[in-house]
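Asks: Pulled the feature table from Swiss-Prot, pasting it below:
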| type | residues | note |
| --- | --- | --- |
| BINDING | 121, 125, 126, 127, 355, 356, 357 | (6S)-5,6,7,8-tetrahydrofolate binding site |
| SITE | 228 | site 'Plays an important role in substrate specificity' |
| MOD_RES | 229 | N6-(pyridoxal phosphate)lysine |
C-alpha cells in the first residue's frame, strides 16, 4: 500500500545521496551554461504531483482515455497562458522537449528529402536545425547558412541560398548566437520563394516574453521553444503560431500526437502553466532586463582584458569567447573553470580549427546567475575571476583563490533562500 510519508532517503540511500550532492553543487557552483536556469519551487511542486499518474492521449475535450476532466483544465490553462504570453493564437504545450517540438514541426510540414535552410552549427545553430549528426540532417536535404565576417547573420547569403535551392522551409533561431535576428527580413526571404519560416526561439523565449528581444511569433509561420532556459520553467517544449490558419494548426497538432509522441506528461504541463503565469508577473520582466544587462557587463570586462568575443558583443543572454588567440582550447578552459566551481560549456567558434569534442571557445550565459540575484557589480567581478583563471590556467593558487571567492558569493546569493 502506498503511504504519503514514503520517501527516497529512507528507501534508496545511494540515489538520495546523489540527489543531495547535486543540490549542494547547484548552491556552491556558479552556473554560466546559457541553456540552464533555476526553476521555481512552484514548478517543482507541479512536477512532483499526482498528475504524473495520468495518461491523457489526445487534446483537451478529445482524449482517448477517460478521467481527463481535471487534466483538461490543466492543459487548457497552459495553452491559454502560452498564447497570451507570446501573442499567439495557437499553442501546443505537449512536446516533451525543444527537440521534440522541432521534430513535430518537421513531421507535420515536410517529407523526407525536402530541402531546408538551417543555421550552420559551427556558426551558432542547433543540432536539430539540420546538423548531419542529427535526424534532421539525415531525413532532409539541408543547406546551411551562417554569419559574415562581422559575426552577424548574412542575410544576403541567406537570400541567395533560398533563391538557388528553393527550400520548403527556412529555419531561424540558434544555440550560440549573440546578435539580434531580423525575423521580418527572414519572413520576406521565405515569402519570396513560398517557403515556411520556422523559428526556434528556445534560447531567448524568456527575453521575448519580457519584450527584451524581438518576438518572432508575428513574423514566422511556426515558432517553437523550450520552456526552461531563459523562460525558467520545467524542461519541456512548446509550439506557437499566429495567423488563423486552422489547417496549419491541425497539421501541427497531428505532428505532435500521434505523429511523434504518445501520452503527454501532465505533471510537466502543469509546471509549464505555472511558469507561464510567473512570466506574466512584473518581476519577470525586471529579471529578463537584468539578464541582458549582466551579459553586456561581462562582455565589457572580457573585451577590456583582451579576450575575443564573437560578434564583438551581445544583444541577448549569451556570448562566445574565442580562445584561439590565447592558444587555449574550450575543453581546457571548461575544465579549469570547473575546478574553481564555475560551470561553462566548451563551444565551437566560427572557423574553429579544433574538433567539436575539444573546440576553441566557451559559451557563457547570464540567466542562472541573474536568477540568484547577481547584478552588474557581481558579474563584472565574476568575469574578472574567469579572466584570471584563463590567463593563468595552470596556476593552482589562482584557481584556489577564485574557488574561495565563488563559495563566498554563492553563500551570499543562494539559489533557494
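Using N, Cα and C of the backbone, Cβ positions are placed for all residues, glycine too.
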Asks: Minimum Cβ neighbour count within 10 Å among the recorded positions 126, 228, 229: which residue?
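Replies: Least crowded of the recorded positions 126, 228, 229, by Cβ count within 10 Å, is 126.
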Asks: What residues, ordered by sequence, lie under 8 A Cβ-to-Cβ from residue 356 ((6S)-5,6,7,8-tetrahydrofolate binding site) and sit at least six positions away in the same chain?
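Replies: Correct list: 348.
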Asks: Would you mind reading off the Cα separation of residue 229 (N6-(pyridoxal phosphate)lysine) from residue 126 ((6S)-5,6,7,8-tetrahydrofolate binding site), to the nearest angstrom?
Replies: 15
Asks: Please report the distance from the Cα of residue 127 ((6S)-5,6,7,8-tetrahydrofolate binding site) to the Cα of residue 228 (site 'Plays an important role in substrate specificity'), rounded to the nearest angstrom.
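Replies: Cα-Cα, rounded: 18 Å.
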Asks: For the binding-site residues listed here (121, 127), tell me which residue's CB has the most neighbouring CB atoms inside 10 Å.
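Replies: Selected residue: 121.
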Asks: Where residue 357 ((6S)-5,6,7,8-tetrahydrofolate binding site) and residue 228 (site 'Plays an important role in substrate specificity') are concerned, what is their Cα separation in Å, rounded?
Replies: 25
Asks: Under a criterion of Cβ-Cβ distance under 8 Å and sequence separation of at least 6, what residues of the same chain contact residue 125 ((6S)-5,6,7,8-tetrahydrofolate binding site)?
Replies: 118, 119, 131, 144, 173, 174, 175, 177
Asks: Ten-angstrom check, please: count other Cβ atoms within 10 Å of the Cβ of residue 355 ((6S)-5,6,7,8-tetrahydrofolate binding site), all chains counted.
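Replies: Excluding its own Cβ, residue 355 ((6S)-5,6,7,8-tetrahydrofolate binding site) sees 11 Cβ atoms within 10 Å.
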Asks: Residue 355 ((6S)-5,6,7,8-tetrahydrofolate binding site) to residue 228 (site 'Plays an important role in substrate specificity'): how many Å between their Cα atoms?
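Replies: Their Cα atoms are separated by 28 Å.
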Asks: With the (6S)-5,6,7,8-tetrahydrofolate site defined by the record as 121, 125, 126, 127, 355, 356, 357, how many Å span the farthest pair of C-alpha atoms?
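Replies: 17 Å is the greatest Cα spacing among the residues binding (6S)-5,6,7,8-tetrahydrofolate.
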Asks: So for residue 357 ((6S)-5,6,7,8-tetrahydrofolate binding site), how many other CB atoms are inside 10 Å of its CB?
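Replies: Around residue 357 ((6S)-5,6,7,8-tetrahydrofolate binding site), other Cβ atoms within 10 Å: 10.
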Asks: Where does residue 356 ((6S)-5,6,7,8-tetrahydrofolate binding site) sit in the DSSP three-state scheme?
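Replies: Coil, per DSSP.
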Asks: State the three-class DSSP label for residue 228 (site 'Plays an important role in substrate specificity'), counting H, G and I as helix, E and B as strand, and everything else as coil.
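Replies: Note: residue 228 (site 'Plays an important role in substrate specificity') is coil by DSSP, not helix or strand.
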